[in-house]
Amino acid sequence: MLIDKNLMRLVKIEDVSIETPTVKTIFFKDSLSSVSKPGQFLMVWIPRKEELPLSVMISDKKKYAAITIKKNGYGSTSLFNKDIGDRIGIRGPFGNSFSCNKALNNVIFLGGGTGLVPLVRLLYYIKGYDSKFTFIMGAKTKSEIMFTELINEWAKVKKIDLHIATEDGSLGAKGYPTDILRDFLSVHKDIDMIYTCGPELMMKKAYDLATKYSVHMEASIERYMKCGIGICSSCCINDKLVCVDGTIFNEIKIQKLTEFGVSYRNKSGILTKF
Amino acid sequence: MDYDIPINIAGLDLKNPVIVASGMLGLSQSIFNRLYKIGAGAIVSKSISLLPREGYRNPTIVSVGNMSYINAVGLANPGAESFSTEISKNNGPLLVSLVGSEKSDFSSIVKLFRDHKILGFELNLSCPHVEKMGMEIGDDLNLVYDIIQSIKKETTKPLFVKVGLGKSDIVEVANVAESAGADGITAINTLRAMKIDIETQCPVLENKIGGLSGSAIKPLGIRCVYELSKSLKIPIIGCGGIMTYSDVVEYMMAGASAIQIGSLIGLKGICSVGKIVRSLRSYLEAGNISDIREIIGIAHR
Ligand SMILES: Cc1cc2nc3c(=O)[nH]c(=O)nc-3n(C[C@H](O)[C@H](O)[C@H](O)COP(=O)(O)OP(=O)(O)OC[C@H]3O[C@@H](n4cnc5c(N)ncnc54)[C@H](O)[C@@H]3O)c2cc1C
Ligand SMILES: Cc1cc2nc3c(=O)[nH]c(=O)nc-3n(C[C@H](O)[C@H](O)[C@H](O)COP(=O)(O)O)c2cc1C
Ligand code: FES
């Protein structure tokens, strides 16, 4: 029988893995999410607490799926505190996905914070392609860097160039991941795609660089979400709804989004500057 | 041209009778422009209160299957001042929905919009899940009368009054609205409803109780429009569970001069607005109906 993806499904947390002191990956069984495309997200219900939009993470087990949560405020901390055996509700997967194109020669992934979740999932899916991969990740400090073990594991089979930037210089280069991207683009003229997800101001810098060097890009944009199904308009950016028209937009679409990197809607819908 | 099914309602000329209901994509001018372009006959904004409201914590919308939802968004909106800036350059067919908790709120809000290029206003008397707003006002007939009069004092633009199924009789509330000077009635809003997750044994919506919309409420909407059109002289906009052109036709046969769609947009996406207009046009063409007014209230014969 066809499952209505909008109907909430209750799932049991089957496994948990600690990524950093404040980030956890939670595994559960759900066939709809397990076949979601890289970049799609779920609406995750933490009973009696909150519902949050979260990117789908990787699960190797058939019919299983995962989400990765960073402890932040009320909702995310409630989810972070859940453990094996606890139950959460999910609906989705929602949104479009990153394009996966075998013909790409030279691909850059640029991510920061929990923006890394959809990017590592995308890398997982396309790591078998013949393309060259460069992964640039950023964080405030060393303890917040995550998923490097995963990437290094995959790098044993296929070369993946991993670059790290921390704001305090405690690991990798001192500065922003976009500094690494800038230097990289000025040297390598054969890049054909930048996939990015993370803080919008970081993605805006990446967009400006991509435009300067005429490189294609796809960015996953985050907005405050309530319904996830395109009716409440809380997630709008210009005339697009991030939950259904996105979350992934390419450089041609971003060009028309004058609010990108400039303003977002707060919980009551007021356009607010970053 | 594809979207032309001209209709006049309460003195307003609309290019077609398909209106986007309040609460659907109702916050941003850019989205309104997109909706006009894809065929909306008119749009009702999200209900606007004097001050900004963040609404309830998520989950605010839950699907209950059978093309129906329960929502308790909690009237989240940017407030009258921000919204008046948002729509200051509007020149499309927009109705501003009003919500408030006392009489003075409404006149203050209306003052901010009366010089804007908008069609008019819709008074939300029927939101079923926010205390002291919407329904609780709709149930107090004297207050309804006073509010409508105070709005009509501030503007000459048409005022639609959206009524729902509260404690008072819907026909009685609508009659009061008409006698107070309302130019049209919108019926119906969502109905108080609830969903409990049986495994965790807890209510799903953060607010616990919300409003039911979608297919489940259509027969109630049809009945209300049918009864209302028997006793009112002012036109009626039908709303509740409209999913296809045949639902539009059913509402119009019951007596609606125009209709609003809501949940359909969540189920079938933003393009469903234009699609329903086009299929309504095909229906009229196939039946050799040259003027859609021919079918309004036909079920009363
Ligand atoms: C498409 C998408 C994918 C996401 N993927 C992940 C992920 O994989 N892992 C992860 O840890 N986080 C992810 N987030 C962010 C996550 O939804 C929450 O914003 C974050 O967990 C903070 O929640 P909180 O309850 O602690 O925030 P609060 O303390 O309540 O608020 C802090 C800030 O978080 C943001 N926020 C809170 N609720 C929402 C919401 N419903 N929609 C959007 N933003 C919100 C707002 O900017 C708010 O100002 C994603 C967001 C979106 C839109
Ligand atoms: C998410 C959501 C938000 C709504 N917000 C409002 C609102 O702010 N004001 C209002 O008058 N009606 C609001 N409504 C009610 C709709 O305008 C409409 O009356 C109702 O959904 C029935 O129509 P439908 O079955 O086509 O959805 C809302 C409905 C939904 C589903
Ligand atoms: S989250 Fe409601 S429209 Fe996107």
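From the backbone N, Cα and C atoms, a Cβ is placed for every residue, glycine too.
Model confidence over the domain 'Dihydroorotate dehydrogenase catalytic' (B:8-284) is summarised by a mean pLDDT of 95. Taken from TrEMBL, the feature domain 'Dihydroorotate dehydrogenase catalytic' applies to B:8-284.
The number of other Cβ atoms within 10 Å of the Cβ belonging to B:S47 (FMN binding site), over all protein chains shown, comes to 26. Taken from TrEMBL, the feature FMN binding site applies to B:S22, B:K46, B:S47, B:N124, B:K162, B:I188, B:G214, B:G240, B:G241, B:G262, B:S263.
In sequence order, B:R53, B:E54, B:G55, B:Y56, B:T60, B:H129, B:V130, B:N207 constitute the residues six or more apart from B:G74 (substrate binding site) in its chain with CB-CB distances below 8 Å. In three-state terms derived from DSSP, B:G74 (substrate binding site) belongs to neither a helical nor a strand segment and is classed as coil. The substrate binding site annotation in TrEMBL covers B:K46, B:N71, B:A72, B:V73, B:G74, B:L75, B:N124, B:N189, B:T190.
Annotation comment: TrEMBL describes B:C127 as active site, nucleophile. For B:C127 (active site, nucleophile), the number of other Cβ atoms no farther than 10 Å from its own Cβ, over all displayed protein chains, is 26.
Note: the CA-CA distance between B:G214 (FMN binding site) and B:A72 (substrate binding site) rounds to 14 Å.
The binding-site residues considered are B:S22, B:T190; of these, B:S22 has the fewest other C-beta atoms within 10 angstroms of its C-beta. The Cβ of B:K46 has fewer other Cβ atoms within 10 Å than any other of the binding-site residues B:K46, B:K162. Checked against ligand 2, the binding-site residues B:S22, B:K46, B:A72, B:G74, B:K162, B:S263 give B:S22, B:K46, B:K162, B:S263 as the ones with a Cβ under 6 Å from it, listed in sequence order. When Cα-Cα distances from B:S47 (FMN binding site) are compared across the recorded positions B:A72, B:N124, B:C127, B:T190, the shortest belongs to B:N124.
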